[in-house]
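Read through the structure below, which is laid out as structure tokens, and then see the notes.
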């Protein structure tokens, strides 16, 4: 469990963006950089929490792991999907709580957050606001020059949020170094 590393964990020496796809069971994350008109994937994965833990313990684990990523990579910018209300109110509440602790960790780390609607992320990554999940995953793979689609799905979604932060020009320091 914990952080699943699916890409390089080398120390980042240039400005980067963290993308987060919050969820109580699995919170996806992705760290990318952008320079010389080229994206680079630094690390991605998922923070998993066990269902037998108390709600507060699960939220603390998410907070601690996101804080560790911020400490390790020192991102100045973050992209996160806005919460959309699903039919399942319990699920929406859990995602909202996870999102809250992620936003707290980002605020404590001095990370500037851009929040994007799902269709905005799809459009920024694929050019199509109504793109299917698989199209977004393929676009993330292509944009970041990865050999395969990032797994788990939450990590791919987080990388898409980070790409959106850059593609929409909603970054300060990252673009300043381009």
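Every residue, even glycine, has its Cβ placed from backbone N, Cα and C.
The shown structure was predicted, so the numbers you read here are calculated from the model rather than taken from an experiment.
Counted within 10 Å of its Cβ, the other Cβ atoms near residue 21 (active site) come to 28, all protein chains included. Residues or ranges marked as active site in Swiss-Prot (evidence: sequence analysis): 21 (among others).
According to Swiss-Prot, the active site annotation covers 81 (among others). DSSP assigns residue 81 (active site) to a strand. The C-beta environment of residue 81 (active site), restricted to residues of the same chain at least 6 apart in sequence and closer than 8 Å, consists of 21, 22, 115, 116, 117, 118, 121, 157, 161.
The number of other Cβ atoms within 10 Å of the Cβ belonging to residue 154 (active site), over all protein chains shown, comes to 25. In the three-state DSSP scheme, residue 154 (active site) falls into the helix class. Taken from Swiss-Prot, the feature active site applies to 154 (among others).
The Mg(2+) 1 binding site annotation in Swiss-Prot covers 21, 154, and the record cites sequence analysis as its basis.
The feature Mg(2+) 2 binding site is assigned by Swiss-Prot to 81, with sequence analysis given as support.
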